[in-house]
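Read through the structure below, which is laid out as C-alpha cells, and then see the notes.
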Amino acid sequence: MLTFPLINDTSRKIIHIDMDAFFASVEVRDNPSLKGKPVVIARNPLQTGGRGVVSTCSYEARAFGIHSAMSAKEAYDLCPQAIFISGNYEKYTKVSKQVREIFKRYTDNIEAASIDEAYLDVTENKIGAQSAIKIAKLIQHDIFVELGLTCSAGVSYNKFLAKIASDYEKPHGLTLIMPDEALEFLAKLPVEKFHGVGKATVPKLHALGFFTGGDLQKADPVDLAERFGIYGWELFQKANGIHNSKVKNHRERKSVGKERTYGKLLYLPDDIKAELIKISKQVSESLKRHQLKGNIIILKLRYSDFTTLTKRKSMVENLDSPEDIAEAARQIFEEIDYDESLGVRLLGVTVSGFGVQKATLDMQ
C-alpha cells in the first residue's frame, strides 16, 4: 500500500520575502546615476575576453532577455549598452544581515533560504499582530525606508505557497494565497513555475501531459511515484497545496562543505587541484564525524573579481572518502571554462544528497 501524509496543516502564517534584483539594486542604491539603466552584475566581457557569468541584473536589463547564470558575453550581445559591474559580495552580505535584523523585529522564527530570501513564521509574533499581511507590509516599509531597497512578499499557510506568492508579482509585490484559494491558484500555474521543478524535469512532465498544477491535481499519485520516486509524491502534494515543512531557524544538515580563501591568488590548474585535495580531506573528515555519505559533489570557485562559478556533479555511489571526493572535484574543475588569467581567491567543495538511496516508497 501507499503511505504518505495527506494531512494539510493550514494553521500557520508564513511570509516569504524575496529581495528584488538584490545585488543590482544595492549597486543602484549606492550609485543613483545607475537608476533606470540596464545594470548587470558580472565583469565586462570586453575586458575579460568574453569570460564571466551573470550573477543577477536589474529589471531594465531583464527587459532585454538577460538573466542570472547567463554568460556575460551573451548578456552583452543582448544589450551592448548594459552597465557591467563586477560586484561586491562582502557588501551584499552586510546588507543581507541588515535585512535579517529587520525581520527579527517581528519574529525569531526565520529560515534563510539564500542571501536574498527568507521564510518567516509569524503565526506567533513579537507585535501581537493577527494579520500576516500587516507584518509583510511593515517589513516592506522598513526595508525601503531604512535600506533604500524593495522586496516582494508572499503570504500563505505553508512555505511552498508563500514562495510561489512572492514570485507572482515583482518587483515590490505582495500576494496572499488563502487556504480556500490554493487549489484554484495552483491549478492555473504552469509546472515550470513550481519551486523545485528544474529544466530537466519540465519536458518529462510535458511528455506525460502535465502542463499545469491542475493536471497534477488530477494525476494518479501512484503513477507519479513510480515515474519520479519520492519526488513524484512531493509534486502531487504541492499541486494540492500540501507542504508541511516547518520554518526552521537551524536547518537539518543537508550538506557538508569547506571553503578556503587565498590571500595569494591561485593561477595554475595544478595548484588548484592540490588545494582541492586538501579541502576534500577536510570535507571527508566532517562527513565521517556526522556519519554521512552523499552522492552530489559541488565545486565553488571565486575569481579575484568576485565572479563565482558553482558546478555540481551527481555520482552513482554515495561518497565519503577523501580520494573519491577529490577525484569528483577534479573532474568538475576540468569541466568548467577556467580562466587562468584572473586568479582564484576562493575554493570550496561541498557534498550533499544524503540518504538519496534510502528515499524509497512503501508500495506493496
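Any Cβ shown, glycine's included, is placed from N, Cα and C.
According to Swiss-Prot:
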- 14-198: domain 'UmuC' (DOMAIN)
- ASP18, ASP116: Mg(2+) binding site (BINDING)
- PHE23: site 'Substrate discrimination' (SITE)
- GLU117: active site (ACT_SITE)
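Averaged over the domain 'UmuC' (14-198), the predicted model has a pLDDT of 95. Other C-beta atoms found within 10 angstroms of the C-beta of ASP116 (Mg(2+) binding site) number 22, with every protein chain shown included.
Fewest Cβ neighbours within 10 Å among the recorded positions ASP18, GLU117: this applies to GLU117. The local packing around PHE23 (site 'Substrate discrimination'), expressed as other Cβ atoms within 10 Å of its Cβ over all shown chains, amounts to 25. Distance from the CA of ASP18 (Mg(2+) binding site) to the CA of GLU117 (active site) is 4 Å.
In this structure, the C-alpha atom of ASP116 (Mg(2+) binding site) lies 9 angstrom from that of PHE23 (site 'Substrate discrimination'). In the three-state DSSP scheme, PHE23 (site 'Substrate discrimination') falls into the helix class.
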